[in-house]
């Protein structure tokens, strides 16, 4: 029996339930409470906010836990790669006495004091918090202020966040740019961008459940970035099915010839810094296209 793809994509494009939104709000509130209860962290300039699909309202039920960023605003790590000769001194930054390592350890203590030792697991990049009594399922990311300088001026930078995994290295992220660009894309496509993101995410999850291995390496955020890349005119079809097919077709045909970026338009979508590659994406897109045509 063939699938009614128009009705299926209409259903899959809908936002997650109000329960899912409440889940994100509750997680944010409980993480803030944990920080406010910490004698050390409560005195510091810290921002707590959701990021990723829950904030963007593109999450689907099968997405991972709520992603909560805990950012220490007074600690800064800068990327000067675009401005040869730029350094901390020219940026008017001083060596901090309170380090990222101390911050992450203090956050771990605060979370365990709030949710219990068994409710908090320390990962390489984030804390996995599962506390049934508080109804919290969240990935809590300890971050500091990240800056990307574009000119030799202490105020000439793009602000983001930065994390330092336990395994080493530095990762810059751009949550505000992700959010604002996603909002603008949704407006420019007549509110169709987020609909199609959710539809294709659920298509990916459906394929994974059916045993298609090509769907499994494709995370939620990558799907969102891919749909963002598609030009606005490909969202103007007269049906959900047409718009989904337009996006898949465009991405498959253009992926080899393009240096694409994430939604933030700062970080390259492909490269050694990412956990995915173009071959995996092409295989997924081909699987998705073939599945729609054959069913």
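Don't overthink the numbers, they just go from 1 along the chain as shown.
Even glycines carry a Cβ here, placed using N, Cα and C.
Swiss-Prot lists 1-25 with the feature region 'Disordered'. If you look up Swiss-Prot, you'll see 51, 67, 124, 125, 139, 173 marked as UTP acceptor binding site, on the strength of experimental evidence. Summarising the annotation, Swiss-Prot assigns UTP donor binding site to 53, 59, 201, 220. Sequence annotations record features per position, and here Swiss-Prot assigns Mg(2+) 3 binding site to 65, 128, 139. Per Swiss-Prot, the feature Mg(2+) 1 binding site maps to 67; the stated evidence is a large-scale study or a structure entry. Taken from Swiss-Prot, the feature Mg(2+) 2 binding site covers 67, 139. Swiss-Prot lists 173 with the feature site 'Important for uracil base recognition in acceptor pocket', giving a curator's inference as the kind of evidence.
Location within the structure of each feature annotated in Swiss-Prot.
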| residue | record | Cβ within 10 Å |
| --- | --- | --- |
| 53 | UTP donor binding site | 25 |
| 59 | UTP donor binding site | 26 |
| 65 | Mg(2+) 3 binding site | 18 |
| 67 | UTP acceptor binding site | 24 |
| 124 | UTP acceptor binding site | 10 |
| 125 | UTP acceptor binding site | 16 |
| 128 | Mg(2+) 3 binding site | 15 |
| 139 | UTP acceptor binding site | 19 |
| 173 | UTP acceptor binding site | 21 |
| 220 | UTP donor binding site | 20 |
TODO: Based on Cα distances to residue 173 (UTP acceptor binding site), point out the closest of the binding-site residues 59, 128, 201, 220.
DONE: 220
Task: Of 53, 59, 201, i.e. the binding-site residues, those within 10 Å of residue 67 (UTP acceptor binding site) when Cα atoms are compared - done: 53
Open item on the list: I'm trying to understand the geometry here, so how far is the Cα atom of residue 201 (UTP donor binding site) from the Cα atom of residue 125 (UTP acceptor binding site), in Å to the nearest whole number?
Closed with: 24
Task: Cβ neighbours of residue 201 (UTP donor binding site) where a neighbour is any other Cβ within 10 Å - done: 24
TODO: Would you mind listing, in sequence order, the residues at least six apart from residue 51 (UTP acceptor binding site) in the same chain with a Cβ closer than 8 Å to its Cβ?
DONE: 67, 68, 69, 141, 173, 175, 178, 179
Open item on the list: What whole-number Å value do you get for the CA-CA distance of residue 220 (UTP donor binding site) and residue 128 (Mg(2+) 3 binding site)?
Closed with: 18
Task: By Cα-Cα distance, the member of binding-site residues 59, 124, 139 nearest residue 65 (Mg(2+) 3 binding site) - done: 139
Open item on the list: To the nearest Å, how far is the Cα of residue 139 (UTP acceptor binding site) from the Cα of residue 128 (Mg(2+) 3 binding site)?
Closed with: 5
Task: DSSP residue counts for the region 'Disordered' (1-25), split into helix, strand and coil - done: 16 helix, 0 strand, 9 coil
